[in-house]
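Taken verbatim from TrEMBL:
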- B:1-12: compositional bias 'Low complexity' (COMPBIAS)
- B:1-22: region 'Disordered' (REGION)
- B:23-81: domain 'SKP1 component POZ' (DOMAIN)
- B:126-171: domain 'SKP1 component dimerisation' (DOMAIN)
Amino acid sequence: MADRTTRSTPPPPPQWAELPTDCLVHVFRRLDLDELASAAPLVCRGWRRAAADPSLWRALDLRRDHLARFMPWGALAGALARLHGVHRFTLAGFLRLCVARAAGTVADLALPPLLSSSSSSSPSELDHVAAECPALRRLALPELSPSDDARLPSLVPRWRRLTHLELDSKPSSFPAVAAALALHCPDLAVLRVTSGSVKPEDAAAMAASSPLRGRLRSLCLDRCYLPRQELFAILAGCGGAAPLREFTARWCVGFDDKDEEVLARGAAIERFDIGGSRLLDEPDGDATNGDDYCDSSYVDVI
Amino acid sequence: MATGSGAAAAAADAEEKESGSRMITLTSNEGKAFVVTEASARQSATIRSMVDDGGCVDKGFPLPNVDSKTLARVIQYCDEHGNKEAHTVDERAALAKFDKDFIAELDADKAFLYDVTMAANYLHIQGLFALTTQCIADTIKGKTPEEIRTAFGIEYDLTAQDEEEIKEEDTHA
């Protein structure tokens, strides 16, 4: 544009405050949640209006960089503390803010560890999520506090649209959770449990004859302690009326990934992957303390 | 193609459409006419649907919301993406390079970036709109509200009441 190069030192006209809300929402979609929470609404009234659009808060991945963000020295905590004189800005506070902005429309939520282990009398973050996020489709939960673990089965009925559930650690209330999922979440298709010890009652809750399995298309038990016997209980009767399309139990302890009988029982499943699983948790040369069941090699380190 | 006088005519029409040889006139709000290939004009979903609805191709399309300077720049983008192939790795790399240079120029002139963003939104040119909104988002990233206001020349208009509300909603946890 050779004809207008005279516009060299532009004191930008006041148009940016007027950018239509729908345009701004498209811009804000490209920001991280913390920028959306801590910077955009404080720019001007128009931007505040756009940043409050619930559609921007439907997918909340609070796992990404959560340590850097929510530790007291983190950038987000610092920014919010400066702006609002808030002493500490916690994950709990940020979660509440995001959930409030979404106005009941959160569809996708991933929570990091460090959920405050609140006393059983005060409502926890998990209760808050259950009360305020009825439209959840995908939910990923960290290892739960004992009180949240006990409460989980009673919260599941709030999430009737759930399709994916990911549990970083198998809760001890798992059989009750499975029963609630089967009863209240007709669209549930994917269940992932990625650490913990699978006990006979857990295996029974996931067996082909269980109500839960009628729903599941994909089941992942990677990194669990999964004895061969429990694995067989889960695999028994595979390929029935509502066949599982995908089953993975990678890097497990309790059976061997070359065990021919295990492979034979999984053969009916479209995608069957047990790579990296071992019968025993041998110390691979590293100095472990010999506590087989609590070896850090199959506990996710954050 | 409802009024086509037979399969042959329709086929010829389709062929013409495919080659993008038909020319379309776009008129800025200052009355300046720009003649572009149909392939270029079809980058705009707004114009594409008007053309497909059997519209007024001959009369051209007046664009009352777009000035000449902005339209010229938008057409530059549409020509590049509409008239050139992007099948080989080299061709795609050339387009990516074009986009990079194109947005770098706009980034240096925020007022013009605003005009092009508004035009891309109005004309529904998806690729261009993605390019400009990403550029705006990149400008916002890592800045304090004050720095953002400076970058875009925005005046602070939050009232004491707004500030109080923000403070409340951020701290009620």
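The backbone N, Cα and C atoms fix where each Cβ goes, and this holds for glycine too.
Caution: TrEMBL annotation is automatic and unverified by curators.
In terms of DSSP helix, strand and coil, the domain 'SKP1 component dimerisation' (B:126-171) has 35 helix, 0 strand, 11 coil. In the domain 'SKP1 component POZ' (B:23-81), the DSSP tally of helix, strand and coil residues is 26 helix, 12 strand, 21 coil. Mean pLDDT for the domain 'SKP1 component POZ' (B:23-81) in the predicted structure: 90.
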